[in-house]
Amino acid sequence: MPKHILIFDSGIGGLSVYKEIKYQLPLAKYIYAFDNAAFPYGELTESVLIERTTHIISKLCSKFPIDIVVIACNTASTVVLPSLREKLDIPVVGVVPAIKPAALVSNKIGLLATPATVKRSYTYDLIKSFAPISDVQLLGSTRLVEMAEEKMIGIDVDITELKEILSPWQNKVDTIVLGCTHFPFLKNEIKKALGNKILLIDSGEAIARRVKQLLNGDEVESAVLFEGEVFCSAPSIKEEALNHTFKELNFSSLQCLGYPKF
């Protein structure tokens, strides 16, 4: 019986976390779910965010023998973890902006995240705790989330537009914390926009290590490679392109849970 790992995000950016976990635990059974009906999460109220994530995750936990849940969304992680941990009797892991490792290597740090993550008191508490003497500049962008989603279905990133978004940081930061799971997919483009000397840090590898630790390093009793399953909350006009993306990552075709935004 394989270990069942549920990875959840508002979009497909959480696949950056999936890749890191898959590298650590290649023989687990993966279920990926994303709430495209309410994408992007950065624009939801906390109560709606909690209600939606709890509903979708509970539904999938009743459908599969889930061993661990990974909230692969920084915005959701700052809000929903307490309620999910209270409701579920399995480990729930969230993602946290990698402020601590960034502060160990630089004092000119940029935190790139969604507008919601940038505004949360949780984010400021992280900076106060782990980078109290660093110059940490915050930049929130919903458009970057959209650009990452577009790239993953084959649409080229407009470097000129990206440079404009990142222009406040030109020559002002040397280390960027990628505080959204979508942003690792834009690493090459960010370096083109700000220069190759920029150090980019994300929390994907640390999350993967934590998941492996919580599962005691166990995966499956045999060496069978399991095909993952993927669920969305609403039909998508991009279904064909999405299926291509997921197929390359060893997932079956997209399935719809049918959970509209309103």
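For all residues, glycine too, the Cβ spot is worked out from N, Cα and C.
Here is what Swiss-Prot says about this protein:
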BINDING   Asp9, Ser10, Tyr41, Gly42, Asn74, Thr75, Thr181, His182  substrate binding site
ACT_SITE  Cys73  active site, proton donor/acceptor
ACT_SITE  Cys180  active site, proton donor/acceptor
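Feature map: annotations from Swiss-Prot on the structure.
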{"residue": "Asp9", "record": "substrate binding site", "contacts (Cβ under 8 Å, 6+ apart)": "Val17, Ala33, Phe34, Asp35, Ile71, Ala72, Cys73, Ala76, Thr181"}
{"residue": "Ser10", "record": "substrate binding site", "contacts (Cβ under 8 Å, 6+ apart)": "Phe34, Asp35, Asn36, Ala38, Phe39, Pro40, Tyr41, Cys73, Thr75, Ala76"}
{"residue": "Gly42", "record": "substrate binding site", "contacts (Cβ under 8 Å, 6+ apart)": "Thr75, Thr114, Pro115, Ala116, Thr117, Gly140, Thr142, Val145"}
{"residue": "Asn74", "record": "substrate binding site", "contacts (Cβ under 8 Å, 6+ apart)": "Val95, Val96, Pro97, Ala113, Thr114, Thr117, Gly179, Cys180, Thr181"}
{"residue": "His182", "record": "substrate binding site", "contacts (Cβ under 8 Å, 6+ apart)": "Gly11, Ile12, Gly13, Ser16, Leu144, Val145, Ala148, Glu149"}
Winner by Cβ contact number (other Cβ atoms within 10 Å) across the binding-site residues Thr75, Thr181: Thr181
Structural state of Thr75 (substrate binding site), classified by DSSP into three states: helix
Non-site residues, in chain order, whose CB comes within 8 A of the mean position of the CB atoms of Asp9, Ser10, Tyr41, Gly42, Asn74, Thr75, Thr181, His182 at substrate: Gly11, Gly13, Gly14, Pro40, Ala72, Cys73, Ala76, Thr114, Thr117, Val145, Cys180
Three-state secondary structure, which DSSP defines for Thr181 (substrate binding site): coil
